[in-house]
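Q: Dumping what Swiss-Prot says about this protein:
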{"type": "TRANSMEM", "residues": "29-49", "note": "transmembrane segment"}
{"type": "TRANSMEM", "residues": "76-96", "note": "transmembrane segment"}
{"type": "TRANSMEM", "residues": "100-120", "note": "transmembrane segment"}
{"type": "TRANSMEM", "residues": "137-157", "note": "transmembrane segment"}
{"type": "TRANSMEM", "residues": "193-213", "note": "transmembrane segment"}
{"type": "TRANSMEM", "residues": "225-245", "note": "transmembrane segment"}
{"type": "TRANSMEM", "residues": "262-282", "note": "transmembrane segment"}
{"type": "TRANSMEM", "residues": "289-309", "note": "transmembrane segment"}
{"type": "TRANSMEM", "residues": "314-334", "note": "transmembrane segment"}
{"type": "TRANSMEM", "residues": "369-389", "note": "transmembrane segment"}
Amino acid sequence: MLLSLAQWLQSISPEFGSFRVFQYLTFRAVMAALTALLIGLLAGPFVIRRLISLKIGQPIREYAMQTHLSKSGTPTMGGVLILMSIGISTLLWFDLSNRFVWIVLLVTLGFGAIGWADDWRKVVLKDPEGMRSREKYLWQSLIGLVAALYLVFSISESSNLRVLELFFSWVQSGFDVDLPPKAGLLVPFVKEISYPLGVFGFVILTYLVIVGSSNAVNLTDGLDGLAIMPVVMVGSALGVFAYVTGSAVYSKYLFFPHIPGSGELLIFCSAMAGAGLAFLWFNTHPAQVFMGDVGALALGAALGTIAVIVRQEIVLAIMGGIFVVEALSVMMQVIWFKYTKKRYGEGRRLFKMAPLHHHFEKSGWKETQVVVRFWIITMLLCLVGLSTLKLR
């Protein structure tokens, strides 16, 4: 929005030449981060008071960790603050004509709406189960598939009109259209190698990345500050990849696919980092507010969508290793419990408690130890992911 305003002012008078600074992506990225940070810090106390007045407190289940029972009643659905900060900041600083930022915003808000409905049922309607799993996955799948169908053609085209033309030609050809190499699965640490996916392969992979990332972040969000800081780190690293793939010069030099327009995602990533740090101010132990599903599902979906656009799905799994391991721990626990119950008549557990962060708590780690150590691991994994920029 401000970019369009600056361009208009420059067109009517040379006196506004100083507004050329708005054309620099890095300047707008820094301002987006600061704007989101300030919005979050200033609006945070009001949002928390409002949540308390509405009695939107986090219910703690009886089988949860005993040390967590004191958290019962802590305001939840604080993800609204994160989404508000990201949304306002991004709309102010990004190029309004950029389709990639719009699709990320829409996916983020869509998954946020699913999380909001889930939280609302749990907290306000007093339904401990919230949205049923099938209903939640149905809506997640719908949004994920729509986003995947759009992205499969938009990666290789520069306008929405061309995206529609390519889609209809794909349908008319009997669903047989070859995608360019840059739409393939990029293999990290290997120069100029991408695995061709085809339209259906791209759609399936995109769906799995978006929905999987969303639920993985949601499962990780179980301790004060545990999920938000890794989101900030991974989102910031993805912003670097967005900047590289959006630049014809840097992408060629580093042997990355050039995706025109993807650099503008740096604005969204910066806003997400600023909003995340602002939320951490209130979410650090002992937390004054929890993000709830409205925040966790939305942020995870945003990370997944950005990774797909910049063709870094594998690198996302590396940098977001904590999210991956947390999700796998739940899946392994459930599968092993059902298997042993069927075979031995008694369900057995691989972990003392899932997700994995609770296993470490039951092993004697303090909550803050688990959180900070997971942060350190994420920071190291992000450095490994960023090293793929050059180690090819």
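Quick reminder: no glycine exception, Cβ is built from N, Cα and C everywhere.
Can you walk me through where each of these features ends up in the structure?
A: Packing against the transmembrane segment (29-49) from elsewhere in the chain are residues 75, 78, 80-82, 84-86, 88-90, 92-94, 239, 266-275, 277-279, 281-282, 288-289: each is 6 or more residues past its ends and has a CB under 8 Å from a CB in it.
Here the transmembrane segment (76-96) has Cβ contacts under 8 Å with residues 1-4, 28-29, 31-33, 35-37, 39-40, 43-44, 47-48, 51, 56-58, 105, 108-109, 112, 115-116, 119-120, 123, 228, 264, 267-268, 271-272, 274-276, 278-279, 282-283, 289-296, 298-299 of the same chain, all six or more residues outside its ends.
Cβ atoms under 8 Å from those of the transmembrane segment (100-120) belong to residues 56, 76-77, 79-80, 83, 86-87, 90, 94, 130-131, 136, 139-140, 143-144, 147, 150-151, 154, 210, 214, 218, 261-262, 264-265, 267-268, 292-302, 305-306, 309 of the same chain, restricted to positions at least 6 beyond its ends.
Long-range neighbours of the transmembrane segment (225-245) within the same chain, counting only residues 6 or more positions beyond its ends whose Cβ lies under 8 Å from a Cβ of the stretch, are 25-26, 29, 82, 217, 251, 254, 256-259, 262-266, 268-270, 272-273, 276-277, 279-280, 283-285, 287, 291, 296, 299-300, 302-303, 306-307, 309-312, 315-316, 319-320, 322-323, 357, 370-371, 374-375, 378-379, 382, 385-386, 389.
For the transmembrane segment (262-282), the list of distant contacts is 25-26, 28-30, 32-41, 44, 48, 78, 81-83, 85-86, 89-90, 93-95, 98, 100-101, 104-105, 225, 228-229, 231-232, 235-236, 238-240, 242-243, 245-247, 288-289, 291, 295, 299, 302, 306, 309-310: same-chain residues at least six beyond its ends, Cβ to Cβ under 8 Å.
Long-range contacts of the transmembrane segment (314-334) within the same chain, counting only residues at least 6 positions beyond its ends with a Cβ under 8 Å from a Cβ of the stretch, are 185-188, 209, 212-213, 215-217, 219-220, 230, 233-234, 237-238, 241, 300, 303-304, 307, 349-351, 354-357, 359, 374, 377-378, 381-382, 384-385, 388.
Within the same chain, residues 188-189, 223-226, 229-230, 233-234, 236-237, 240-241, 244, 254, 256, 285, 312, 315-316, 318-322, 357, 360-361 sit at least 6 positions outside the transmembrane segment (369-389) and bring their C-beta atoms closer than 8 Å to a C-beta of that stretch.
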Q: Are there residues at least 6 beyond the ends of the transmembrane segment (137-157) whose Cβ is under 8 Å from a Cβ of it, and what are they?
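A: That would be 99-100, 103, 106-107, 110-111, 114, 163, 166-167, 170, 179-180, 182-183, 199, 202-204, 206-207, 210-211, 214-215, 259, 297, 301, 305, 308-309, 311.
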